[in-house]
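For reference, TrEMBL has these:
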TRANSMEM  9-30  transmembrane segment
DOMAIN    10-141  domain 'EamA'
TRANSMEM  36-56  transmembrane segment
TRANSMEM  68-86  transmembrane segment
TRANSMEM  98-119  transmembrane segment
TRANSMEM  126-145  transmembrane segment
DOMAIN    155-292  domain 'EamA'
TRANSMEM  157-173  transmembrane segment
TRANSMEM  185-207  transmembrane segment
TRANSMEM  219-238  transmembrane segment
TRANSMEM  250-269  transmembrane segment
TRANSMEM  275-293  transmembrane segment
Amino acid sequence: MNPKIDLKLVLALSGVAIIWGTTYLGIRVAVASIPAWYVTAIRQTIASLIIMIILIKQKELKWIGWSGLKRQILLSILMVVVANGMTTVAEKTIPSGLTSLINATSPLLVFIGCVFLGIQKPSLKGFVGVFIGFLGIVFIFRDGINDLLEPGYRNGILSLVIAVSGWTIGTIYSKKHSGKPQYIFLNLFYQFVFSAIVQFGLALIFSGKADVDSWKIESILAAVYLAIFGSVLGYFCYHYALKKVSASEVSILTYFNTVIAIFLGWLILNEQVDVDLIVATALIIAGVFITNYKKKAELV
């Protein structure tokens, strides 16, 4: 008898793979005329309002207690303020395709972190995958070390390092302290409200008073798209998937994000895609696949 396929899980994983692949393009368009921290603040504010309306309609908006609030604030800091925020900052000076490629290394770091914390067993296959993946990173910068001397590029790369670190820690923490699936929207509401407040503060600190008149309509629409699809749908799918399969298996979807992001950046933004980038992408994807591949499928 064939095992029953979990359709909700399949849809959630597909959502993570496709939706977040398009968000790199959305971020690049949004930051073209809107300061990065304002983009993130607006994104999370709109997402908070949408989720609040859903929760009120379903009569599920409630207090989660101080311990629950602390947990959601920590996740908000790691995965929204740090990971999402710093990725947005990076795309002001870094192409969307390269941004997605560097973010694609997060599954390798998730594997290392899970092994270190005893969440999963170490394996030769896993470490071989990590080695191959990081060869891809070396390949990216093999002829471009001098680019790091340019302040904008260097700051963009540093922002991505911080973003990947935040996402990795948040992914591992989410798996270790997973709650009940029916509270996903409620948890996201608290995360987005907190992150919106923090990010508006960061926007005022780093960008000053908003000059809304200079914001282009395509950037505003991109920010709205990021809120509805990138935050509400994307994060819901991601957190739902984490309740069903391992953190490493959810993170493997990053390589789908990468391919989609690189293709859209090339197609719409005319971003350069050369042999080095293609080889680096292949190495990183291969590394992630080898690290996370299991003979028995768990999507059932």
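Glycine too: its Cβ is placed from the backbone N, Cα and C atoms.
Note that TrEMBL annotation is computational and uncurated.
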Close approaches to the transmembrane segment (219-238) from elsewhere in its chain (Cβ under 8 angstroms; 6 or more beyond its ends): 11-16, 19-20, 22-23, 26-27, 29-34, 39, 42-47, 50-51, 184-185, 188, 191-192, 250
Interface present between the transmembrane segment (9-30) and the transmembrane segment (250-269) (three or more C-beta pairs under 8 A): yes
For the domain 'EamA' (10-141), the mean pLDDT of the predicted model: 91
When counting Cβ pairs under 8 Å to the transmembrane segment (126-145), the leader among 9-30, 36-56, 185-207, 275-293: 275-293
Intrachain neighbours beyond the transmembrane segment (185-207), with Cβ under 8 angstroms and 6 or more residues off its ends: 35-38, 40-41, 44-45, 47-48, 51-52, 54-55, 60-62, 64, 68-69, 72-73, 75-77, 79-81, 84-85, 179, 231-232, 235-236, 239
Residues in the domain 'EamA' (155-292) grouped by DSSP into helix, strand and remaining coil: 119 helix, 0 strand, 19 coil
The domain 'EamA' (10-141): DSSP-derived helix, strand, coil residue counts: 106 helix, 0 strand, 26 coil
